[in-house]
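Engineer: What TrEMBL records for A:57-241 is domain 'ABC transmembrane type-1'. Annotation source TrEMBL lists transmembrane segment at A:64-85, A:97-117, A:163-182, A:220-240.
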Amino acid sequence: MNRRSVLLTLQIAAPILVLLGWALWSAGSTNIFYPPLTKILSVFRDTWVFDRVGSDVVPSLTNMLAGFALSIVIGVPLGILIGLVRTLRTALAPIIEFVRAIPPPALIPFGIVVLGVGTGMKVFIILMVGVFPVLMHTIDGVRGVDPGLLDSARAYRVSRRDRMLHVVLPAAAPQIFAGMRISLSLSLILMVISEMVASTRGIGYFILQAQRTFAIPEMWSGMVLLGILGYLFNLAFGTIERRALRWHHGARKGAS
Amino acid sequence: MSTSIIPGTRRRLLRSPKFTDGLLGAAGLVTVLAVLEFSTIVGLLPEKTFPRVSADLRELAGMAGAAELWTAVGHTLQGWAISFALATVIAVLLGIAVGSNAVLYAATSAVIEFLRPIPSVALIPLVVLVLGTGLQSKVFLATFAATWPVLVATIYGMRDVEPVALETARSFRARPRDTLLSVVLPGAVPYIAPGLRVASTTALILCVTAELVIGAPGLGQSITVAQAGGQYQLMYAFIIATGLLGVLLNLLFVALEKRLLRWHPSQRSQGGVQ
């Protein structure tokens, strides 16, 4: 076996070994806080496949995806506008810097006061937080568009609408996707926090409730679920991004 | 003749882009505040849950002399500082080890990819059980979350060192230690510095989250207490104070980055990194 395949094997084997290590270490565990992995997994199966999917997982994910989708729908056009108009950019810079610097959870009490504890508040909070990475990256991406491209499009009298759709948007796309990826992971985090602070259902509520009633294996199963969700979202987004930006990676590979 | 110089410089100052940009920014800020204030006055926003901005700011100004605000700020900053320092040390050391060793990199990269997307807030319940609701929990959560950006940035930076620089060092028979300290690490700094900025923000976010969710003392706790007590002006004042703290830390890190990367092309041309 050459060195390369050894390294590849190691890369695949390492996570499995870590899991096995956890299973072995916790096998005979009597510590109430760290139940055996097998116990966690069996509780996981009983709880999440698919008993609580309708009552907790679906509402949580609906809020999260609604907030994330709104972040994109609002962040991208606003970012393009601000990125193209210099006056607007300078005028809004201090206010954007300030709102962006507020640690997101600090806005939850504000959301509760203004919108109550329902679905609207959660989507609003996720939107409030998720919109900024998309907005900032779109602004940066639009500012980085090669002026030569814009000038030639203008010289060919490409209409304003087509210039936006076929020159500015594709050129800023790699940056926009980077912003969307950050926004996606923030959305998941805010989904959990908003349910921990004020909710009667959802994954975050379930985990906190399990902890308060000392249902430790249930609590662990919820944490495992969040880990799996985080990983899957990351994976799914990576796939979408690679597909959407195939032309970009191709162009870069060709250039180097 | 000498008097004509002063109006000349003044005119130049008034026309300098820095000055007009600042003026424009201030105008934007004032406009947004005025719109909010006016919306409350005409009843577009309910005065009860959305007090006038001027009232919130007056509340904040009134608190500036009281101990309550500064104690909360102190608690939050203390948690931030400890966890940021811990995360930096852990992540940079680990990143150097992993980034400079192919075997270690292969063994850890998949594990890191699995662990990194896990939302750190998922750990809150466990942390409360094991470490309680005080400073320790806050520091653990914030350190856990803030380690990833620096770790990933350090590994990337270590692996992305210019090959020519490395070969040059090798052909000069530089010792591995010297290569690491004067070729590889400086080459990784442009990656590490933005990682540190993200880590600072993340640490602050997680500290406030911990204060908010598990009730460790600090700004987050003060916000929830004010909200639960129906003192909405106080709540807004604390939220604004938290935002200002975030802005200050941001500015600090932008300045730090500029200093650390004085020699790097991204900082030499104006406006490379905002």
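Glycine is no exception: its Cβ is also placed from the backbone N, Cα and C atoms.
Could you tell me the structural context for the features on the list?
Structural biologist: Beyond the transmembrane segment (A:97-117), the same-chain residues lying 6 or more positions past its ends with a Cβ under 8 Å from any Cβ of the stretch are 124-125, 128-129, 132, 136, 186, 189-190, 193-194, 197-199.
Cβ atoms under 8 Å from those of the transmembrane segment (A:163-182) belong to residues 72, 75-76, 79-80, 83-84, 133-138, 140-142, 144-146, 149-150, 153-154, 234, 237, 241, 244-245, 247-248 of the same chain, restricted to positions at least 6 beyond its ends.
Using a Cβ-Cβ cut-off under 8 Å and counting only residues 6 or more beyond its ends in the same chain, the transmembrane segment (A:220-240) has close neighbours at 35, 40-41, 43-44, 47-48, 57, 61, 180-181, 184-185, 188, 192, 203, 206-207, 210.
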